[in-house]
Amino acid sequence: MSNVYLIPVAVFLVFQVSFVGTYIAAVLQGHVVPTVPYISDAATYSPESCVFGQMINLGSILLGITVYVRYRQILQLFEHHSDLGNNLLRYNRLAVWFGWASCLGISIVGNFQETNVRIVHFTGAFLCFGFGALYFWLQSLISYMIYPIAGTKRNAHLRLAMAACCTILFILMAVTGIMSHILFKGQNPRKWYPSDGGWHFHVISSISEWIMATIFSFYILTFTEEFRDLEIDHPQLRLISYSLTLT
């Protein structure tokens with residue numbers, strides 16, 4: 001398989017279609033107000049929640065594959081350039097686990113709605129964005145370590161900036177989100193109006209989430225250029241035992 005670079009593109013498209021499509025559907029169905037709801041609020045009720053869950057599951061699988069391909073790419077680079085140092089291997093191993101934890105969080109967020117199992121949903125959001133930010137920091141560091149053998153300094157700078165933005169937005173989203181829910185006096189947080197209290201904090205929190213999710217998608221897209229130099233073979237299958245049944 002030589003079109004490995006299409007995997008990050010697929011991740012980007014799946015996530016963007018699920019985010020924007022779910023928002024449009026939720027607004028048209030009257031399930032949320034158009035003024036910047038949380039992504040998860042737009043995916044609370046059916047039929048949006050069903051489509052969102054399916055798309056998010058697909059996206060998390062593709063993202064997991066992307067994380068693994070990046071992991072193997074760094075291993076291959078180290079095999080040919082051992083002078084890169086053993087720290088590269090340690091950061092690479094740590095990064096793949098952070099990346100997969102983020103994938104798990106994305107799947108949890110898509111399948112456990114906030115209105116049904118809030119604690120599980122928030123745990124998934126923490127895994128998604130928290131470990132996702134850690135994965136971005138490690139990949140930024142790795143990008144600097146492997147330059148100029150692989151990648152470009154422009155991508156390394158871009159990933160570092162995105163990692164910093166995601167970290168700031170994650171903290172901002174969490175703090176203002178908690179404050180907005182404390183001040184909320186309305187009946188339905190999915191239809192949050194200025195008169196319900198905590199409106200400004202809610203808007204800041206939800207906008208932070210949307211920007212962070214968008215940056216998340218674009219960060220994965222930055223791997224496209226480096227994946228053009230990769231090729232994946234079919235996995236080897238070895239028959240361990242063989243038995244013949246006579247009937």
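Just so you know, glycine gets a Cβ as well, placed from its N, Cα and C.
Summarising the annotation, TrEMBL assigns domain 'CWH43-like N-terminal' to 4-229.
The feature transmembrane segment is assigned by TrEMBL to 7-31 (among others).
The transmembrane segment annotation in TrEMBL covers 51-71 (among others).
Beyond the ends of the transmembrane segment (91-113), by six or more residues, the same chain brings 40, 43-44, 49, 52-53, 55-57, 59-61, 63-64, 67-68, 70-71, 74-75, 78, 120-121, 123-132, 134-135, 138-139, 141-142, 145 to within a C-beta distance below 8 angstroms of the stretch. Feature annotation from TrEMBL assigns transmembrane segment to 91-113 (among others).
Positions annotated as transmembrane segment by TrEMBL: 119-138 (among others).
The transmembrane segment feature in TrEMBL is assigned to 158-179 (among others).
Within the chain carrying the transmembrane segment (199-221), a Cβ under 8 angstroms from the stretch's Cβ atoms is held by residues 8-9, 11-12, 15-16, 19, 35-39, 41, 63, 66, 129, 132, 136, 139, 159, 162-163, 165-166, 169-170, 172-174, 176-177, 179-180, 183-184, 192-193, all 6 or more beyond its ends. Per TrEMBL, the feature transmembrane segment maps to 199-221 (among others).
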> Restricting to the same chain and to residues at least six past its boundaries, which positions have a Cβ under 8 Å from a Cβ of the transmembrane segment (7-31)?
Replying inline: 37, 39, 41-45, 47-48, 51-52, 55-56, 58-59, 62-63, 65-66, 69, 190, 210, 213-214, 216-218, 220-224, 227
> What average pLDDT does the predicted model assign to the domain 'CWH43-like N-terminal' (4-229)?
Replying inline: 89
